[in-house]
Amino acid sequence: MLKFILRRIGVSALVLLGASFLMYMLVINSGDPLKDLRESNAQNREQLMAQRAELLRLDDSPLERYWDWLSGVLGCFTGNCDLGVTINGVQVLGLTQQAAASSLRLITLATLLAIVVGVALGILTAIRQYSGFDYTITFSAFLFFSLPVFWAATLLKEYAAIQYNNWIAVGQYAPWTIVIAAAVVGFVLQAVLGGSTRRRLVTAGSAFAFVAVVMFVFNALNWWREPTFGLAGVLVVSGAAGVLVTALVTGLRNRRVLYAALTTTVVGVVAYLAFAPLLVNQPSWLLLAGLFVLTLLVSAGIGAAWGGFSRRQAVLVTLVTGVITSLLVVGDILIANWASFLGLKSRPISTIGSQTPNFTGDFWERVLDMGTQIILPTVLLTLVSVATHSRYTRSSMLETLNQDYVRTARSKGLSEREVIVKHAFRNALIPITTIVAFDFAALIGGAVITEQVFGWKGMGALFQDGLNAVDPAPVMAFFLVTGVAAVLMNLVADLAYAALDPRIRR
Amino acid sequence: MKIRRLSAAVAVAASGALLLSACTSPAGNDEPAEGESTAASAAADGPCKADIGDVTTADGEIKVSNEDEFLGYNSNTPETYSTYNTAVTDRLFSGFWYWGVDGTVCPDEAYGTYEAVSEDPLQVEYTLNDEAAWSDGTPVTYADYLLDWAAQAVTEDGKVTDDASETPLFNHISGLTLGDYVPEGPQADSPDAKSFTYDYERVNADWRILINSPFPAHVVAEQAGVSTEELVTAIQDLDMDVLKKAAEFWNEGWLSQPGEVPDPALAPVTGQYDFKADGWEAGQYITLEANDKYWGTPAATKELTFRVVGADAQIQALANGDLDAINPNGPTVDTVQQLEQLGDAVKVETGQTLTWEHLDFNFGSGVFADSLEAREAFAYCVPRQKIVDDLIKPIDPEAVVMNAREVFPFQTEDYEATVSEAYDGRYDEVDLDAAKEKFEAAGLEEGTTIRIGYAAPNPRRAAEVEAIKASCDQVGFDIQDSAAEDFFDKDLPNGDYEVALFAWQGSGQITSGENIYSSTGQQNYGKYSDETVDEAWKTLSSTTDEAVHAEQRVVIEKQLWDTLFGIPLFAHPGVIASSSSVSNVRATAAQGGVVWNAEQWSRAS
């Protein structure tokens, strides 16, 4: 295995080297770096052009320039990285770190969401093939996939930012909004759950009633401006999540695992009570990270203790439940801070930027600020990726569902859950892994437009500004990051194959 | 210049104020807003900054768009010199003058005064305000200006420049021009003198804009390891040991890594705004804070934030309150329409800018080189009015065809005086008959190919060429759109075009046109040569007398029209918009952009 990894890395390094040479040559020949000066009417234009030519070393041979760049990059292995300076005299290394940090923040969340939502939708549509739900998702997937990003961004900004901000100033649903929203939820739910006409009607009717009542209660409580969730909310929702995860992984008949999940939930809520003063009074990222690790350890412990013969599954379930519970705890604190956040920032969703300039809130309010700023670009990136993920998952899932061994599994009397989760889904995951890994690498490069329209200076801006100025240093830095990301993600995909498919491990 | 919604808003505000002061309004619960800045909004009068009376800095933040990242305190190096960087740094420095909205040179008397004590030989005396001081308390003095001169005069070899062509020691955007004109440098009694004189070796017609704000000599001296007095002596004696260290710091010491606010000890300011500690988030924004050490009229609002936003995203950000003032680069019809849809929440101002579009003939080769009639035939068929009506008026309804090169239509008095003398309006309307006549007189054949070259991609210029083609093909020309990405690199210097279509950015200098129209000018791409024009430029640039400038300008313009150097088309339109809760935002044609009077902006809460 190690030999395989090393060989892969070696080959990738060679590919990167060749590609970097090609890229460098393409960039320096992509235009005229003196263009703006040629159009200038400054008196000392010639001098300025000579100065620029010296800065960019236009008179040296391309090979020399490439070698210089390469030796700067190779310096990274010996601790003195030099990625060069931009046409504006700024160190590219620092610039790249900032850009990569901001891009990764944007992309990580979008990718995770896209994987979860996309794969889930793919499975559901595969199971309900040719149903109304399937057609709706297929239609939306193609719609979102073909959306011009800048246009979708404009719409998002108009409705999810400007109109939402206008609305949140009051925070009350109009009666017709309640009716329409409830009707839509009812319709979608009956389409997803399916069944006989009668069952569909019951589903739709009860969903309609439930949503309408909830929205009415929200109105009455002025929930959108002063929301609360509370300990009870955390307990109920994480408990439900625990039951759901158990149902998916082992089935509810495995009581040990179910109890393990529920124990995790209870322990999580108790821990929330215990740590609440700390979380409210001295919050920090370090504390959150520490508590998260603690959560993982405790959850795994609970799973192992309850697990018995199904220890592995129990640990998996408690880990997932633990993570969900901790997210809910953070969510609860954020919700509790929403009212004071609205006091600081009356229009919570901005159309640009990754944070409000000079925002002066406490820790949780700052988290909310960054959270509200990241929503729109994340939604946009997610929509596009969800479309691809769901389509690939659907076809891959359909293919496995039609395999002989799935029919065998069904005919030997396994429950539908076991057939789908254990036998079909796991095998369907193999091709999806490749897509997801590639997608992550591609997203870094593909977020160029999203970053631009939402005013994030990330890798996209680095690439674009560099290329516009025919300035190789930042473009090559972009290439380094995306190239290395692509190589790494491919490696991860290979390793994931091995984990998913025992045949590959040999 | 069109001030559309603004005037309406001012009128409404004014009538509202009347009602309130009369106290007879039946709507008595209309209380005046609390915490309003004391900066009154004054109607703009003249091209310079309006007098807004006594100002106390009000708390609050005004956010303005800036399309690129801040680079550093020193905007005068070629690496950092950009509209977006100076948008920030111009707030940090005050100087002897600034550009008014129509390109007028406006003096800033709070900073100092200057006058030409002798016209020929030109001698200019500058006197700093006694209170003028850096934010660290050091007064602004002669030493700062001597360093400013040294940065534009000393060559790499440790000499004062001879003809501005040597390699300079300092990496200054303006090269060695100042040293070329003033080889002796500014003269004063002592390093800390508040008054000093520049003796020009030969007259520079643009003397008014040559000296403005300096960098702090005391900081440079400290970084070079000497005292300010020693630095002054070193410059006077051209002591290269010290100067090299000083230049090294001047060139690189003020560059910033994005996000790291310059150290206040290294970057003191003289303007109404100063850096704010921790006020810079890389790629996101930079916030300036009112400079409480400023001696004159202070900034009206405490914080000014420049957010890095592309032109596409600015309008929605304005609508959402993420920005208070925007200045989208390259506004289109869409820009204006979207802004208008925002209704009363924003004030929109459209107008012309100091960049102007023109068609230039190739005198080096091709059919237009030697034939005035051919050029006239072309000029008669170019639909200038149609181009302006179709492409520019939707953005700026007041746009007009431009009939001069050295003055802009919005510089009303000068423009009318010049155009009325220099141009009789013969090419105002398309005259196909006259064009055909000239076409025949020139002996041109039907289907003569005319390549109109410009830098692609540029949709507006493509549309212009299309309009010209529709009209001029009827005369017998065969107009070809020969746009190329490397037009300025290849086709233009090689002369592979008949007509070049591009824009000059007006620099505000009186003499910058000499480079374009005189026979030996560097920017005379078309190899135009005319004795009358050369002579007139010589006369113009060798005097400081404004009457002579105006007179020679007419001579030049007339000759350029008569010999048809080229055809001016229009001044590029500009759009600014601001939230209606912010007052005193005012458009300018000059390059400074909307932030040019940012210290006067105030918010009515």
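Glycine is treated like the rest: Cβ placed from N, Cα and C.
What you see is a predicted model, and the numbers here were worked out from it, not measured in a lab.
Taken from TrEMBL, the feature transmembrane segment applies to A:9-28, A:106-126, A:133-153, A:173-194, A:201-223, A:229-250, A:257-279, A:285-307, A:314-339, A:370-388, A:428-449, A:475-500. Residues annotated as domain 'ABC transmembrane type-1' in TrEMBL: A:100-497.
A Cβ distance under 8 Å defines the sequence-distant neighbours of the transmembrane segment (A:229-250), meaning residues of its chain 6+ beyond its ends; these are 257-258, 261-262, 264-266, 268-269, 272-273, 310, 313-314, 316-317, 320-321, 324-325, 328-329, 331-332, 335-336, 417, 421. At the 8 Å Cβ threshold, with sequence separation of at least 6, the transmembrane segment (A:201-223) comes into contact with the transmembrane segment (A:173-194) through 3 or more pairs. The stretches the transmembrane segment (A:314-339) and the transmembrane segment (A:257-279) meet in space: the count of Cβ pairs below 8 angstroms, excluding pairs fewer than 6 apart in sequence, reaches at least three. Sequence-distant contacts of the transmembrane segment (A:257-279), counting only residues of its own chain at least 6 positions beyond either end whose CB sits under 8 Å from a CB of the stretch, comprise 231, 234-235, 238-239, 241-243, 245-246, 249-250, 287, 291, 295, 298-299, 302-303, 305-307, 310, 313-314, 317-318, 321-322, 325-326, 329, 332-333. Among residues of the same chain six or more beyond the transmembrane segment (A:173-194), those with a C-beta under 8 A of the stretch's C-beta atoms are 124, 128, 131-133, 136, 200-201, 203-205, 207-209, 211-212, 215-216, 218-219.
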